[in-house]
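According to Swiss-Prot, the protein has these features:
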- N81, K82, M83, D84, N153, V154, G155, K156, S157, S158, G205: GTP binding site (BINDING)
- 37-209: domain 'CP-type G' (DOMAIN)
Amino acid sequence: MRISHTLLNASSKFRTVFDFGERQVAHWFPGHMAKGLKQMRASPRKVDCVIEIHDARIPFSGRNPLFQENLDVRPHLLILNKMDLADTSDKMSILKQLERDGVKNVLLTDCLKQRDTSVKKIIPLVTDLIENAPRFHREENRSYCLMVIGVPNVGKSSLINAIRRTNLKKGKASRVGGEPGITKAVLTKIQVCERPVIHLLDTPGVLPPKIENIETGMKLALCGTILDHLVGEDIIADYLLFSLNRPQRFGYVERYDLETPSDDIQHVLKCIAVKLGKTQRVKAITGVGDITVRMPNYTAAAYDFIRAFRKGELGKVMLD
């Protein structure tokens, strides 16, 4: 949205650094993920190519180092999914940085889109990577096996379904959900292509037990790879406001009927609660006894603010 010079001048006083205080990011490594990682480590011998999928809004943050121990033994393709939610105006700089980090094969996708042209490129690219790998032995009627890995809620199951939809014209094979960790067990082989015959394994996303720093953890939480209540909707909402104000993404002002951009999360949440009618009854103690008053429901407002961001309703953002 367009913002006047007066408003831009006001925003120049906003925070340039986010104060995390003494907060600690949740240690989130459920049992099924540890089991999945153990099985994943035992699988590369059966796998011809590893497809790593990650959120395009955080192309560098949170890529799991535990995965990378397993990537060197087989060809590797990085898919940055949810590109419809990401500001990719600086795409070339991102690709160059990834190449410096040793990642040469990258595709940007929107796997929920019914006809994403990038999804059509996956099987030809993977086939080429496998057949040109040093360890490849050509055999008649050979079938290939792929493994999809990534942190929670980046679209692994959506990717599998998109590949099947594109190459087999078949329906869903993997359950899809908006919460991290919905794929609870390493699945058996799922066929995704007939020519050549390609099967694919789906694994649980495995978030590393130790996150590099608190800001990396907050970016992961904002993108929904950590269950909200483990971090706190209030802190996620505040970090979201900070992340929108920094690049002057002020779409929330018009959406929630604010007069100007704000750096005060309590003020923003109050405006959201009023706009959406999110209130709650609370008891107030007065000189004449207890009375019940209606107050803004800040938790419900924070939830709507975060949900709107994750659905792309506050504009495209690059967090890294």
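Placed from the backbone N, Cα and C atoms, the Cβ positions cover glycine too.
Owing to the predicted nature of the structure, the values given are computational and were not obtained by experimental measurement.
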- Residue among the binding-site residues N81, S157 whose Cβ has the most other Cβ atoms within 10 Å: N81
- Task: Averaged across the domain 'CP-type G' (37-209), what pLDDT does the model get? Just tell me the whole number, please.
- Result: 78
- Task: Using a 10 Å cut-off, grab the number of neighbouring Cβ atoms around the Cβ of M83 (GTP binding site), all chains included.
- Result: 22
